[in-house]
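These come from Swiss-Prot:
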type: ACT_SITE; residues: 148; note: active site
type: ACT_SITE; residues: 217; note: active site
type: ACT_SITE; residues: 300; note: active site
type: ACT_SITE; residues: 329; note: active site
């Protein structure tokens, strides 16, 4: 028997902490919650994106480019969160609008985001690089999105890293954002991370010996595999990630539909088989040779067995494990503290060059 969720998508998957920490204003969230019944979730956010864009155009006319960039960034986030819950034409419409708005925002941001047009195996892969102020060369952090999150969503985390003297690079890989049209979710994401490393090592503003990777949610899975397979990476953060999808049965109905969508298959069983194979990392985790920070919330949908896997397979001398007893998925419910701690850890490793000692915080749970 097929069980269909009766919960609205915005109630099933919406995490207020995530959206607010990523830059969506509390007032906009309240507006979405309290919107008139005749206005859909999608239409509310797309209309709001238009309003932010219009205000940005007014700011440009007045010579206030910095404010315009912030407003366009807000517009892009509105388009992102309009579409990320759907698997029909709304997804494509919102995605295209988000890309358009972010392209407008990019040169107006502080620091600006420069778009580099890469091609990997014949597939176009735009990469945005932001360089911090001050003399270089600078360390850099490659940021990886998740199941429905894309490069534009990392803006606030980028800013924390940039403020600490590190450059950032963002892109969409297989099954994500701009690349989804060309390639479904696949088991070779590390190839695309390595292509970004190739790009960064050619930039005079970047320190070749201090490039790290940070991945959120599914991106945390990608970060672990990238660190295992790309020896040029000097640091790795898996932020609410996982090592495998053995826990498929624990996923929500909407998350399973999302896996099906990015797999470009017709049935949930086909999706399960595809992503289970594509996202397996346990065979390579022992190859990780750089400092690795893993953040996991006890109340995450990803089971605590992930922690056992990490402790068994990731070399102990490289591991910094943080388990938050009150944390949800990616610990979005804990405010900015976990993000600051990750940014500071990256600073210690990549900027200050500290030899971070292996640590375990919050584990074992009753320890």
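Using the three backbone atoms N, Cα and C, a Cβ is placed for every residue, glycine included.
Of the candidate active-site residues, 217, 300, 329, the one lying closest to residue 148 (active site) when CA atoms are compared is 217. Across the fold, the C-alpha of residue 217 (active site) and the C-alpha of residue 329 (active site) stand 8 Å from each other. Residue pair residue 329 (active site) / residue 300 (active site) shows a Cα separation of 4 Å. Sequence-distant neighbours of residue 300 (active site): residues of the same chain at least 6 apart with a C-beta under 8 Å from its C-beta are 240, 327, 328, 329, 330. There are 25 other CB atoms within 10 A of the CB of residue 217 (active site), with all protein chains counted.
The number of other Cβ atoms within 10 Å of the Cβ belonging to residue 148 (active site), over all protein chains shown, comes to 25. Classification of residue 329 (active site) by DSSP places it within a helix.
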